[in-house]
Amino acid sequence: MKRKLISGLLIAAALALSGCTDALDSAAKAERPLPERLVRVLKSKGMSKSSPIMIRIFKEEGKLEVWKQKDNGRYDFVTDYDICKWSGQLGPKYIEGDRQAPEGFYTIRPYQMNPKSNYYLSFNIGFPNAYDRAHGRTGQHLMVHGACSSSGCYSMTDEQVAEIFAFGRDAFRGGQKEFQVQAYPFRLTPANMARYKDDPNIGFWRMLKVGYDHFELTKVPPKVDVCEGRYVFNQVPAEGQSFRGPSAACPSMSEPESLRLAYDALKRDQDEAFTRLLSNGGASTPPRPSIDGIKEARLVADWSKRRARGEKVSRQPPSLDVPARAPAPAARPEPKQEEAATEAVAAAEQPKQAPAEAATPVPQERPDQATADAEPKKKRWWNVF
């Protein structure tokens, strides 16, 4: 009896030590400081470690960019990372199980940061946001995380996500309440818009491009709202009016005059560039595959469910791709990108950021990863991420 008691105590002590070690490991990961090379970059650009951040993601280029606010209130590029893996195709996420990584404007708050992730470190993108919900889109636990394994998420290496996590952690500790993630299919330049002018998602991407261009002009994350089921950027409701919901009618609204003038000038230049590209035969690089709407999303989601049940299915998810897809409506000419803001924009009142309501392998078109949109479920609440 005595030996059994001693053995039991030893086992309990070992388990307790193991638990403490796990907790210490999690704390160590989440508290890793930014490397000195990045601290030097921040200092050279007039930034502090705790200044606000913003993130941009580009699927086709396979890049995640980190931007930080300078002393003058505008944001500047700090660094970028090769995305280790993202699943699905170009185009937005529609329903749970379609394996798509989200596209759009998302808001990250402190509670979305997960230092105890099963995938090293992570933060929840915030899908579905107000725009997604207005369109009946479903899914949950869509992350930027480590472990280089993805099904609906943006997956980084552990080393990369440790730095990205540190950028967000330090910004929150410096007083930032939330930061914006802008997730795009590709850089929304005239050349790329010309390449994808017949894509079924081109209307959605044109809408995202307005916010993309506003940031290119102002170097301030755009104020994002949703009304009538669409994103609107840097719009101020008329006196006595407000945004009443993502599906409600938009109020009478306007944007700062200096921003409007600068955007109109930028769009004229880009319209001309877009027209020249089309008259010269368009871009030479062929477009990548994209998801063809909710019908294809449902097809892939059904494939995911059958595969999860152990049924015999194809190695790769199904697709609606056919030799000749019905062309999308003719694209409006898209503008030429400019690098810096005009003097008029520099004088504009900086819009306050608001939630929208929210060696590395190249990204895979349809990587054969796990089928679920979320990480494995655990009993502890923090491990659902």
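For all residues, glycine too, the Cβ spot is worked out from N, Cα and C.
Quick look at what TrEMBL annotates:
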- His145: active site, proton donor/acceptor (ACT_SITE)
- Cys153: active site, nucleophile (ACT_SITE)
- 303-314: compositional bias 'Basic and acidic residues' (COMPBIAS)
- 342-359: compositional bias 'Low complexity' (COMPBIAS)
- 53-184: domain 'L,D-TPase catalytic' (DOMAIN)
- 1-23: signal peptide (SIGNAL)
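Note: the CA-CA distance between the residue listed as 'active site, proton donor/acceptor' and Cys153 (active site, nucleophile) rounds to 8 Å. Mapped onto three states, the DSSP output places the residue listed as 'active site, nucleophile' in coil.
Note: the compositional bias 'Basic and acidic residues' (303-314) comprises 6 helix, 0 strand, 6 coil (DSSP; helix = H, G, I, strand = E, B).
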